[in-house]
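Lifted from TrEMBL, the feature list:
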type	residues	note
COMPBIAS	A:520-530	compositional bias 'Pro residues'
DOMAIN	A:64-458	domain 'Major facilitator superfamily (MFS) profile'
REGION	A:489-530	region 'Disordered'
TRANSMEM	A:67-89	transmembrane segment
TRANSMEM	A:129-149	transmembrane segment
TRANSMEM	A:155-175	transmembrane segment
TRANSMEM	A:187-206	transmembrane segment
TRANSMEM	A:226-250	transmembrane segment
TRANSMEM	A:271-292	transmembrane segment
TRANSMEM	A:312-331	transmembrane segment
TRANSMEM	A:352-371	transmembrane segment
TRANSMEM	A:377-403	transmembrane segment
TRANSMEM	A:410-430	transmembrane segment
TRANSMEM	A:442-461	transmembrane segment
């Protein structure tokens, strides 16, 4: 029983469906500690840490956490580094609004592809090399900004730098090799949120660097190019740190260890099939495009917007833009926490309502941001918008683990790609044409957020219900087992491949909310000691 | 809680409308009482950091005497021609002077003299590549615009000149860029190769 090593989706292995999104440790009776292991933190039988000790750098678990999220943070810094400097770059390169918009689209498009490839790379080379490869091979693209002389060069370089966001996948994958499944939700959520903060930090860092370099005597059109060297150096430094200080697994590196476990892997075509034929997958791909996607779009346009609309200095516009992205520090974990709190009482229905409320609120305040004519009001609207959108991201990943057990990895990957796709689409529609001012663009984006969040009302789980419909009263169809085991064919069930799903189904009964105690056991559920 | 949120939102909306209510000066209300000429010929291309522009301006005597009694200071600015404003909303011309973005580069600020005044200015290195004309705004004692004069016609079509900006690129930057890029790729390849060799060696033992 249990996981098949290396199978697609096994990077999220251990996720049982019962862990809350915000757990910092798991106690011994639930997961036994391995007493023979000599690590700084208590570990389980696979030597994965059972405790998430945030301010420790102990090798290998916490050190991996910090290397991983800082690498991801660095890539966010370089991907959005151009955004706060656009007022200078657009004059230097004689860009039109269309050029600026297209570059924004390009910056988020590259990673759609690179994230999909990165999963395979992690399986083959390990997350340590996956991370190091991406971060060190995109360092030259960051340095390339010093060569850029026109619009097409600018768009091409931003596209290539965007590939570096594949470090999201290495980050999540690496965390799942180091931390026990019961706390992986918190670990991954924190790593993702703190990485995303890079999009905010860069709005602060780049104008400051630009100002500093100008004080040393450089002209504006040279100073911004020199400023790009700093993110480039960060790439190289983090790459070297990852290679020298990091390791793939708690016991060592991938190449040096023998692979344990079953040879039989789950077939990619099957896993893919169950992901794409589940309509909920597509609804969440769309939804994430309007929570994470709008966060990325806003990272690209907000500094320039404040600079132009309210006549601010570059650094001031940068500080305001930074508060948008930095809200991730707390907003994203808050979304996950809110989802958990709602689930305790109302189960999955509570999670769906929480997501809908947070994301719609984000959309409403985005509309208000576009319509704000004074600076203090605009900043207030922006902050509430950022909390809504980022909390919605956290709440989304409170639901995703329940859509499918077999195809969880692919669904997570597709959702992530949907985020970037939504960002590219939104920037293309509303921030590239000169017919639409940026203020109107923000308003339209807010309207689109509200509209594209409506489909969450259609997500229905037979065993738990949906936003407006109660769960099915059919004893068989309304059971968690029926939902999760239906992803396996009879042949596969005979081979026992579905056992992990059965265990997951059992653990997921908490999604009934307060009704758990009264849940009848379905008569023909496969007993898990068979 | 919903009621207080509604009240909060409503009050914010109302105050945002209130703030946009105060009047400000418009371009169409200004008198075109300054005659201004600039040295670049129509279509001439000037190199930023090197070329000079000489601007000469004076009060247009065809206006009644005493019109310039309130004139205190003059600001001469470099302004974008319509072709350089196309698809670039950050350079848009608006009648309301507070929101107008046509003239973003200051050439000189002087006290107003009714006699002819002039300045010779080297095009600075942060002037972007674009098509320009020159305009002088005259201010009264309250720092409000009262008059103007420009080197082009009302349609902003005649006597426009171009500036060719510096690229901002330097050979030393390019070399540094290449060096760091090569370092990054080589160190990655080096690590990979060394670890593969260590792995192969330990398997042979």
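In case you wondered, yes, glycine gets a Cβ from its N, Cα and C as well.
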Please give the average pLDDT for the domain 'Major facilitator superfamily (MFS) profile' (A:64-458) in this predicted model.
91
Cβ-Cβ under 8 Å with the transmembrane segment (A:271-292): same-chain residues at least 6 beyond its ends:
7-9, 355, 359, 362-363, 389-390, 392-393, 396, 399-400, 403-404, 406-407, 409-411, 414-423, 425-426, 448-449, 452-453, 455-456, 458-459, 487
Any residues 6+ beyond the ends of the transmembrane segment (A:352-371) with a Cβ under 8 Å from its own?
287, 290-291, 294, 335, 338-339, 342, 346, 378, 381-382, 384-389, 391-392, 395-396, 398-399, 439-450, 453, 456-457, 459, 466-467
Should the transmembrane segment (A:67-89) and the transmembrane segment (A:377-403) be scored as in contact, given a threshold of at least 3 Cβ pairs under 8 Å and pairs 6 or more apart?
no
May I ask for the residues of the chain that lie six or more residues beyond the transmembrane segment (A:312-331) and have a Cβ under 8 Å from a Cβ within it?
80, 83-85, 87-88, 193-194, 196-204, 206-208, 210-211, 295, 298-299, 302-304, 306, 375, 379, 382-383, 385-387, 390-391, 394
Determine which residues of the chain contact the transmembrane segment (A:129-149) at the Cβ level, with the cut-off under 8 Å and only residues 6 or more beyond its ends counted.
67-68, 71, 74-75, 78, 81-82, 93, 114, 118, 121-122, 157, 160-161, 163-164, 166-167, 169-171, 173-174, 225-226, 228-229, 231-232, 235-236, 238-239, 242-243, 246, 254
At a C-beta cut-off of under 8 Å, are there same-chain residues at least 6 beyond the transmembrane segment (A:410-430) that contact it? List them, or none.
8-9, 12, 101-102, 104-105, 108-109, 111-112, 115-116, 119, 165, 168-169, 172, 271-272, 275, 278, 281, 284-297, 300-301, 396-397, 400, 403-404, 436, 440-442, 444-445, 448, 452
